[in-house]
Amino acid sequence: MQTYGNPNVTYGWWAGNSGVTNRSGKFIAAHAAHTGLIAFGCGAATLVELAGFDPSLPMGHQSSLFLAHLASVGIGFDDAGVWTGVGVANIAILHLILSMVYGGGGLLHSVYFTGDMQDSQVPQARKFKLEWDNPDNQTFILGHHLLFFGVANIWFVEWARIHGIYDPAIEAIRQVNYNLDLTQIWNHQFDFLAIDSLEDVMGGHAFLAFFQLGGGAFHIATKQIGTYTKFKGKELLSAEAILSWSLAGIGWMACVAAFWAATNTTVYPEAWYGEVLQIKFGVSPYWIDTVPGGTAFLGHTTRAALVNVHYYLGFFFIQGHLWHALRAMGFDFKRLLDKTGPFGIPRTL
């Protein structure tokens with residue numbers, strides 16, 4: 001994290017990242033514990049939604065965010081093809097069990113295993129030490145992240161091909177074979193908001209799988225070519241810089257997802273998320289229902305809740321990106337505040 005040349009800098013309790021910045025073991029513990037919290041939240045929320053589900057009302061007009069995602073990938077349907085929630089409770093309970101496993105892993109890495117992988121007795125573990133200004137170290141870790149993303153894409157593509165996912169065009173579950181047409185995939189960069197072919201959606205995921213697996217192998221196998229200069233990021237590559245780039249990525253994805261989910265009914269079917277939304281502009285963009293909302297989310301549809309929350313989270317993630325990027329570049333916000341009074345008026349006036 002940025003210290004502005006102060007070797008004895010201290011951080012407040014709210015700066016959680018500062019406690020794991022140079023301790024890769026604790027960093028892994030935080031990752032595992034965070035995964036446990038996410039799994040617990042997903043499992044618990046799914047059970048709550050399932051318990052309150054009313055089959056006489058459209059799913060998109062109820063509190064059904066997690067149920068809608070499961071229905072979209074073909075989970076919860078009986079033999080007649082009707083969504084009854086069969087098997088959903090099992091998935092939710094599995095998430096609760098896994099949350100305990102992840103939480104236990106977080107505790108083990110936090111209190112039992114070494115706090116820094118560099119001190120580990122296992123040679124393979126020492127490769128995952130954190131050297132924020134070492135491009136060879138960072139590209140090695142990045143490569144493993146890309147491999148996991150690639151495997152996740154393969155799993156999704158194979159799930160659609162073997163089990164099948166919900167197709168709103170026929171209002172039923174069907175097996176979807178991916179269309180790996182690179183021309184189509186390239187063209188969908190510009191019209192993905194209106195994509196209406198599940199084959200093309202799966203083709204995009206298949207392409208990402210190959211791309212990410214190849215990128216992962218490349219980043220693991222390669223090292224810095226030539227001298228590590230300022231042009232290549234020397235003295236800029238840091239924990240704060242990487243945090244800022246991560247926030248930029250997740251913020252951008254959240255904003256794109258908001259625009260996509262607002263109107264696309266192929267990936268986000270009306271049967272599960274509610275009707276398409278209309279964009280409005282006030283202080284910032286927001287989306288409203290085009291029909292009367294439901295019984296949850298303050299009278300709004302699942303789609304309206306999903307889209308607006310995604311957009312505003314993305315917006316604030318991007319603000320976090322700008323904050324941490326400026327700090328990584330050496331901008332000291334404290335000096336700015338010291339020179340200004342209320343409402344930004346310079347103290348020298």
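Glycine is no exception: its Cβ is also placed from the backbone N, Cα and C atoms.
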From 57-77, 120-140, 162-182, the residue range that Swiss-Prot assigns the feature transmembrane segment: 57-77
Surrounding residues of the transmembrane segment (57-77) on its own chain - C-beta under 8 Å, 6+ positions past either end: 42, 45-46, 48-50, 83-88, 91, 159-160, 163-166, 173, 267-275, 293-297, 301-303, 305-306
For the transmembrane segment (241-261), distant same-chain residues with Cβ under 8 A (at least six beyond the ends): 17, 132, 138, 192-193, 267-268, 273, 287, 303, 306-308, 310-311, 313-318, 320-325, 327-328
